[in-house]
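Structure first, commentary second.
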2 protein chains.
Amino acid sequence: MTRPQVLTTRAALQEALAPARRSGAKVALVPTMGALHAGHASLLREARARAGAGPVVVSVFVNPLQFAPGEDLDRYPRTLEADLEVCAAEGADLVFAPSVAEVYPGGPDPDPVTGMTTVVPGPLAERLEGRTRPTHFRGVLTVVAKLLGLVRPDVAVFGEKDYQQLVLVRRMVLDLCLGVDVVGAPTVREPDGLALSSRNRFLDAEQREAATALPRTLHAAVGEAPYGLRAALDAARAELRASPGVDLDYLEIAGPDLEPLPEDPAAGTPCRVLIAARVGSTRLIDNLPAVLGTPSERSG
Amino acid sequence: MTRPQVLTTRAALQEALAPARRSGAKVALVPTMGALHAGHASLLREARARAGAGPVVVSVFVNPLQFAPGEDLDRYPRTLEADLEVCAAEGADLVFAPSVAEVYPGGPDPDPVTGMTTVVPGPLAERLEGRTRPTHFRGVLTVVAKLLGLVRPDVAVFGEKDYQQLVLVRRMVLDLCLGVDVVGAPTVREPDGLALSSRNRFLDAEQREAATALPRTLHAAVGEAPYGLRAALDAARAELRASPGVDLDYLEIAGPDLEPLPEDPAAGTPCRVLIAARVGSTRLIDNLPAVLGTPSERSG
């Protein structure tokens, strides 16, 4: 278990990547905000498998541009030493942990005169997470574009936990011809179903218990999905009503690319069930895939 | 003089670039909208010099995303056969001339549900050209990002004629870490000073004569620049008043990165004089560099 090389500047990153560029070795990138847990570890394993003999790069950067004023930028956990242990255990070669000034030399805030270029997602970014976080995905795509530009990986691995982010990154790569293979890795869960998240550490015991309502609600929808869209949503809402301590933000069922579904989708339509809710002051999100059937199947 | 290889699909482009990628040869890109003239030829020569033994790629694509409704997208000249002659004469190796559908598989128009990711410039894009063309540079940067993504050149050459575009492309490359060397090449002019432009062909004889007011106005400003900002602007405005048939859009003096200048810039301040005007129904732009002195120097 070799400790990965830690790089804090763009120049050092380029120097560390030079041998791979010369040899044409595959480079895999896992962009993270640190506070790595077993979910990230699974992304690192996926990257390790995809890179073959080439380097796995993990970026650890809490990106201010994707936090709105009043969001949890300041309290977002920073745990670099522990993160390096996770990276070492999963065979990551390079950890890019730059300062904000290194990533945003002119500052991350769009200045009225000298303001920076940004990557702006299509209108999907205004739905779901975008309803409460209208500038979030602009910040995400801009920093992901920067990281892809700096690392120029062959493969970039993202978690399905942030499903809307995954869809929007895929779309950006397609729309801007960024030429990287975007791989989504399944969500890792606690034994009781709660999706791993760096924000789970903010939950007290009671909230931690209440938070299991998110995966229960998703499973209720998935379980009723064979009986159609309405049955799935009804089951999910019933589960939520029976779950105290959870302040729902949204519960939606959309297509695999988060396109809106018709009112009566055909049997066999693949979909994604998504939920966001506050438990105490902590905002949690989760999602699961499902396949929709039709109401008539219940009597069958 | 070898005729360049013409590629109309992304796949063919990648195949044609594969040998250069394998060998690590330098790749130079000249993005154009076709209708090539001696100004473009000078960009191709610059690219040829920079690429060394590597391939020079010329993209020929009239980008709908940078034209607003009512602008001259439909009448913009398309002259591919003549363009290939220019490319051949200047030693370009590959001409990428894709269809709109090849560049924008989902269509160039942001759809309310499936709309595409775009690259949005900072607030500089709202000034100068942006005042009459508010969505223009969003379209320019998005297609340039796509072309840089597809070609992945080491060097990209742009004309100084479209100075604001050059500044915004440089800024995009910096902000999104696109890792390409952006080279600006000086404007090529007719013997009477008119900057070469694909749009000059729309001018009738009288308009062609009137259009020389643009470079005359710029030279008036440059000539008086040693006596300060105000003197330069006054001289330019006097020249314009004496020039019939020119409908001014803007006349501005800004810093080399188009940053606004202080009211009394220090002696020795480098600047750019920029003009845009309509001559008949044709909109023309031009610019020149200058160095500002101070009013006291006139008496010296």
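Glycine residues also receive a Cβ, built from the backbone N, Cα and C atoms like all the rest.
A TrEMBL annotation is a machine prediction, not a hand-curated record.
Around the Cβ of A:H40 (active site, proton donor), 26 further Cβ atoms fall within 10 Å across all displayed protein chains. TrEMBL lists A:H40 with the feature active site, proton donor.
The Cβ neighbour count for A:G39 (ATP binding site), using a 10 Å radius and every protein chain shown, is 20. In the three-state DSSP classification, A:G39 (ATP binding site) falls within a helix. Residues or ranges marked as ATP binding site in TrEMBL: A:33-40, A:159-162, A:V188, A:196-199.
The (R)-pantoate binding site feature in TrEMBL is assigned to A:Q66, A:Q165. Cβ neighbour count for A:Q165 ((R)-pantoate binding site): 23 (other Cβ atoms within 10 Å of its Cβ, all protein chains included).
Taking Cβ-Cβ distances under 8 Å and a sequence gap of 6 or more within the same chain, the neighbours of A:Q66 ((R)-pantoate binding site) are A:T135, A:H136, A:F137, A:R138, A:G139, A:V140, A:V143. Per TrEMBL, beta-alanine binding site is recorded for A:Q66.
Local packing around the binding-site residues A:M33, A:L36, A:V188 was summarised as the count of other Cβ atoms within 10 Å of each Cβ; on this measure the leading residue is A:L36. A C-beta separation below 8 Å, combined with a sequence spacing of at least six in one chain, links A:S198 (ATP binding site) to A:M33, A:G34, A:A35, A:H37, A:Y76, A:P77. Counting every protein chain shown, 19 other Cβ atoms lie within 10 Å of the Cβ of A:E160 (ATP binding site). Checked against A:H40 (active site, proton donor), the binding-site residues A:E160, A:Q165, A:V188 differ in C-alpha distance, with A:V188 being the nearest.
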